[in-house]
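If you check TrEMBL, you get these features:
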{"type": "DOMAIN", "residues": "B:32-163", "note": "domain 'Exoribonuclease phosphorolytic'"}
{"type": "DOMAIN", "residues": "B:189-255", "note": "domain 'Exoribonuclease phosphorolytic'"}
{"type": "REGION", "residues": "B:299-342", "note": "region 'Disordered'"}
{"type": "COMPBIAS", "residues": "B:309-325", "note": "compositional bias 'Acidic residues'"}
{"type": "COMPBIAS", "residues": "B:329-341", "note": "compositional bias 'Basic and acidic residues'"}
{"type": "REGION", "residues": "B:369-399", "note": "region 'Disordered'"}
{"type": "COMPBIAS", "residues": "B:384-399", "note": "compositional bias 'Acidic residues'"}
Amino acid sequence: MAAKNGAQLSKNVLQMKFMQRSVLRMEKEQNEEERQKIIDDEHWALDLPEYKTKESDFLENQSYSVCEELLFGRQSYQGFNPEVEKLMKVQNAEREIQKTEEKEKEESVGDKEMAQRYSSLMGIIAKKFSNKRQRQSETESQEGEEGPFVRKFMKPPE
Amino acid sequence: MRETPLSNCEREFILNFIAQQKRLDGRKAYDYRDLRIAFGVSLGCCHVELGKTRVLAQVSCEVGEPKQTRPHDGVLYVNVELSPMACPSFEQGRQSEEGIELSRLMERCLKESRCLDLESLCIVSGEKAWHLRVDIHVLNHEGNILDCASIAAISALAHFRRPDVSVHGEEITIHTLEERNPVPLSLHHMPLLVSFTFFSQGKYMLIDPSSKEEKVMEGKMVVGMNKHRELCTLQVTGQMLLLKEQVLRCSSIALTKVTRITELIHEALENDKQARLKGDKHGFAVLVSGDKVTSNRLPKTEVKVDTLEVSDDMGESQSSEDESGNEPMEEHTEGVPKESAVEILTKGVGMIGEGGASTWLDVPQADTKQLAAKKQKHKVSKMEEDEGSSEEEEKVILK
Amino acid sequence: MAAPIGNVVIPGDTFSLLQLQPNDEHKKILLGPGLKEEEAEIKVLRPGILRFRKPGVYWVDCHHKRYIPAKGDSVIGIVNQKVGDIFRVDIGSSEQASLSYLSFEGSTKRNRPDVKVGDIVYAKLLVANKDMEPEIVCIDGYGRSNGMGVIRNGGFLFHTSLNLARKLLNPECTLLKSLGNRFQFEISVGVNGRVWIKAANDVQTIALVNSVIASEYKDNDQIKEMCKRISKAVSRMEVD
């Protein structure tokens, strides 16, 4: 097929009498393709107004074990079943770690706060190590960027 | 609905335990569970509790034609109803194999023992006779429905009164309860069924099996007997062979049980009669006020851990109870009748009643009174004061 | 008005988001059993006590005897039937759960696990939907048993209310710890209300079973008192 082979025949050639048959065939093919496409779309996608999927504020979970944070159900005491006891120890340790982590999180500084603090601190410390000229040029360049709202230092009138 | 299957470990454990001559709920081999008999407001209504198994029997009557073959007799129908309420595996409507066996045995016990004088139910020979109907509803299945049902049925029949009838020539008058006092049925004797379950080729025998014991049993023998030592029914099911001695032993055990239960039924009937005469509260009303039939009560544990006392240092444990243990304990034993505060000698195999084979341990009266007094002192008594008396009347506890 | 935490709620009660505790971070609120979100409101589906746990978990605590499968629950099941390459297991729900023979540790198509009808298994619920057969497994996501699988070597299984099973597993309940101080035993608790106990001998096992059953309506102090009595009684018995 001409079209598929990529070698497009020019309009002039197609208008020639001996090409009429293949022109018809090509048209038919194109129509068919379009119709197929329409059918496909109709079958697969319902034409409905778009759903507004608002993100829910809730998660649902029907398990009591999740809600109540229940312990693991197999337990052994005084070395009756060492296998289970070992498992219990591991799980208890995990629980402990989780607990302390949570505690730490509550007591210590949050990531965001830390970042904020650090970024502001960085400027101050950086200033300490730069000399006067550098600082000046820095402020100047900043002022230049900041547009018309920035006040400029004016020479006092003599 | 499908029944919960019995796991292998349960089966093994129970069989093992029985082989050690112990039972899960701390009873001895020949002990019944607590038995309570209560009557309803209407005549011929009886509610029997055997442990947690509950059965309600109701007797009703109507006038109809006697059977062609026995024109001089009234008719007695026995109907056993196993509803899913008792146990989810029972199906509504369809009679299971178990249900058929039950109703057949009940029929044999009540009809073929000729305990009821059917001739007295005849009004006009060949034309009119009373049709009696005993409906037995199983309310809860925790094992040994049969014994419980037979107690309920016979008590209900003894409690029932039919309307009086007078015949003048062709004219038959059925008097209402207001016109004439209703007439009791003429019961010749009280046949009762006692089931024995057997384990390990009949080596071990238990009375009054719980539902779990019923699931692991090998066979069962039902002995129907009255207190005059007359055998009314005998049935053996299951795959086992019994020795002659065993059968004889069972029948002698059955006799002691039947004698005791018959006494209890008479006692309960007498108490109900007195209450009705005095115009006291009777029937299920008493049960409701005492939280006995409401579902909201605290479920009773089979073995009462709260009343656990080690026999040797009773003095010590009691004194500690008075100081601290008693207050919180009261909350939990409330609803559990005080008479059943069994002294369990030792945990686990703590037995209810310390007697050997087929002896009955009466609860010493002094003890219960003491307890009641103690309760009043603690001001926890809600219904205990009136309970103390009415309970003894209405309920009979068998240990 | 805040949501009545710790109070009785009844089916049909509703709460709005505002009535719930404000949660600082952007964590979602977790609605547990007995609660359902509907049109930006929370509706109560079961009668019971409304419970809350930090950071934002709400659920209704009500008395149950019949187990309703929920994904992630650990349960004790009784193998009831072998059908082809799955086992049918009774977990106390309305429908039997299915358990593939491949979901045991170390099992392959060749190497089938040794499970007989009537055995009890400790398993986790993998699929638990309404109107669908629940599916349980005896391995975790990494193919390890992690304590799950067939429970062997005797012991005794009994059924309790679901509340009691949850109470036993609650980190705040002292029963198992105080029994553990006095007895040598092993226990498996399924949140479907089944408890399996094995102790040194049958008498101790029964003693433990009874103390577990009796502890349903006791608080921690009463439980400690009870454990003391029981261990005394059992030790006396064993001397006799």
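Note: Cβ is positioned from N, Cα and C throughout, glycine not excepted.
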Tally the residues of the domain 'Exoribonuclease phosphorolytic' (B:189-255) by DSSP class, grouping H, G and I as helix, E and B as strand, and everything else as coil.
18 helix, 27 strand, 22 coil
Within the domain 'Exoribonuclease phosphorolytic' (B:32-163), count helix residues (DSSP H, G, I), strand residues (E, B) and coil residues, in that order.
35 helix, 50 strand, 47 coil
Take the domain 'Exoribonuclease phosphorolytic' (B:189-255) and average the pLDDT across it for me.
91
